[in-house]
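Colleague: Straight out of TrEMBL:
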type: COMPBIAS; residues: 1-15; note: compositional bias 'Low complexity'
type: DOMAIN; residues: 86-511; note: domain 'Major facilitator superfamily (MFS) profile'
type: REGION; residues: 1-25; note: region 'Disordered'
type: TRANSMEM; residues: 84-104; note: transmembrane segment
type: TRANSMEM; residues: 124-144; note: transmembrane segment
type: TRANSMEM; residues: 151-170; note: transmembrane segment
type: TRANSMEM; residues: 214-234; note: transmembrane segment
type: TRANSMEM; residues: 240-268; note: transmembrane segment
type: TRANSMEM; residues: 315-341; note: transmembrane segment
type: TRANSMEM; residues: 347-370; note: transmembrane segment
type: TRANSMEM; residues: 391-410; note: transmembrane segment
type: TRANSMEM; residues: 416-439; note: transmembrane segment
type: TRANSMEM; residues: 485-505; note: transmembrane segment
Amino acid sequence: MASEPAEATFAFPPALSREQEDEFRDLDREHGPEFALSRTATAVSGHWTIAALERTYTERGIQVVNFEKGKGEDPREWTKARKWFVTFTTAFLCTSAALGSSIVTGDMSGPVPDLNTTQEIVNLTVTCFVIGFGIGPLFFAPLSEVSGRRLPYMLSMLFFFIFTLPSALARNAATLVIGRQLAGLAASAPICNVGGSMADIWAIEERGIPMATFSFAIFIGPCLGPILGSWIGQEVGWRWIYWVLFIFTGCATLLTLFMPETLASALLKKKAKKLRQETGNPNYRTLEELEGPSFGELMKTALWRPLEMLFTEPILAFMTIYLSFIYSILYLLFFAFPIAFVEIRHFSAGLSGVTFVSIMLGICLAMVLMPFQEKIYNHITRFGAFPEARLFPMMLGAIVLPSALFIFAFTGAYSWVHWIGVCVAGFMFGFALLIIYISGNSYIVDSYSDYAASAIAAKTLVRSEIGAMVPLYVNQMFNNMGFQYAGLLLALVGVLIAPIPFIFYRYGERIRSKSTKASQAKRRHFAEDIEKKELDAET
């Protein structure tokens, strides 16, 4: 360890997680800073431990504010009931945002004659909304780190509620599209901040099912959209789609009023402010106030680091390509299913929307199987966790996905093929969608644990922009290429990218070892574990 500097040039070890901070404090207080640094993998020579930093400020007369264990101040110590309330509430917000992106696809032709516009312009109502999903997090993510989680949720849902109204009242295409763009930007906060909320309240070993619930909400929302929107548009017209969404977002906005704050640094700042007011002592401060970055620095990091990592980190780049492809297929099906069922099989718009239940059933099956995946993961990592252990579901999904797209291409194109064939393809796609996405997201987070927020921001930006482009070409693609050949092209792309999770499972550790930002966790086997235990016993 480097010698103590003469002047107080203190800094946190870079990007410590809450678990690492706790480990620093416990080890440092029990055994001293040298032992803590030697036992914490992410410690960097020349940096102070958290507890040592606290002691230094205490010697200066600063009262560093922390949670008191056992009193329920720390969100990690909340009751399970309260944690699940936060989990389900934030998942509901995600569902409302995701529903808003797809419910309008239930009647895309209705606004064309009413507003005297073209189909391509109306398709922009989906494109502009999903673009907001990618751009909004660049602002909402750093805001949540400064103000806490609750305020961004409240502002997001309030403006989503407000900007849905212009689309419902639109008398021209410009109002319709601009209203959707603003609503999409506003609705993005739940999409980017729910992962942080889960990390605030759940420990790593408890986080599997809550994160799966979050992923389930993100993808069940888009599937509900066409089901509801198609019947509403068929029975009462396209404007009522926006009125129903307006009512739904209003309920979600009211729900944010009952959400508790979960961000530890925000709760500690509130506690420190209360102590300063009660005691009159201005020296009560949190480490975040003393050492934390400013909002400007957070914004700079939020804007630059995701792009830097996207172009310099192979794991992030290729996983982003894969997840963006499957996300774009989801939005493509919002337009391709009506072609297969309304244009080719002459279903009504309402019945065509019901076929999206097949995708929902696949998502539900994948959700049911996630606890088994957690057991497999715990078994594989019993001698030590490593990121590649997250890839097993994705490897299965990499086989199921192109199979689903092949079936979709050669059953959807022909009216004489029973409609159940297309629904089977939808079921398989929904199953592959969830297991690939949860596995891929987990692999990104584990591979870049110290820079997970930036890695996820980069993935979300690219995924959303690629998904947003789909409505601009999907109808032309299927009409000009022919349904079967357009579907075949998608299936072949699925085959082309299928080896990605297998390659990273084999070579991911080697790739991570050459990165300055990736986790350096290695696979440990039984023999290595025995050797380490013997060495620890001798020590």
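Residue numbering: from 1, along the chain as shown.
Glycine is treated like the rest: Cβ placed from N, Cα and C.
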Colleague: Which stretch, 84-104, 214-234, 347-370, 416-439, tops the Cβ pairs under 8 Å count with the transmembrane segment (151-170)?
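Modeller: Highest pair count goes to 84-104.
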Colleague: Can you name the far-off residues of the same chain, 6+ from the ends of the transmembrane segment (240-268), with a Cβ under 8 Å from a Cβ of it?
Modeller: 18, 65-67, 73-75, 82, 86, 89-90, 92-93, 96, 99-100, 103-104, 106-107, 144-145, 147-150, 153-154, 157-158, 160-161, 164-165, 167-168, 196-197, 200-201, 228-229, 232-233, 286, 288, 292
Colleague: What stretch of 84-104, 124-144, 391-410, 416-439 shows the most Cβ pairs under 8 Å to the transmembrane segment (347-370)?
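Modeller: Going through each listed stretch, the top one turns out to be 416-439.
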Colleague: Considering only Cβ pairs under 8 Å, which range in 84-104, 124-144, 416-439 makes the most contacts with the transmembrane segment (391-410)?
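Modeller: Result: 416-439.
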Colleague: When you scan the chain for residues with a C-beta under 8 Å from the transmembrane segment (84-104), skipping those not six or more beyond its ends, what do you find?
Modeller: 125-126, 129-130, 133, 153, 156-157, 160, 164, 180, 183-184, 187-188, 190-191, 193-194, 197-198, 201-202, 210, 213-214, 216-226, 228-229, 238, 241-242, 244-245, 248-249, 252, 255-256, 258-260, 262, 331, 334
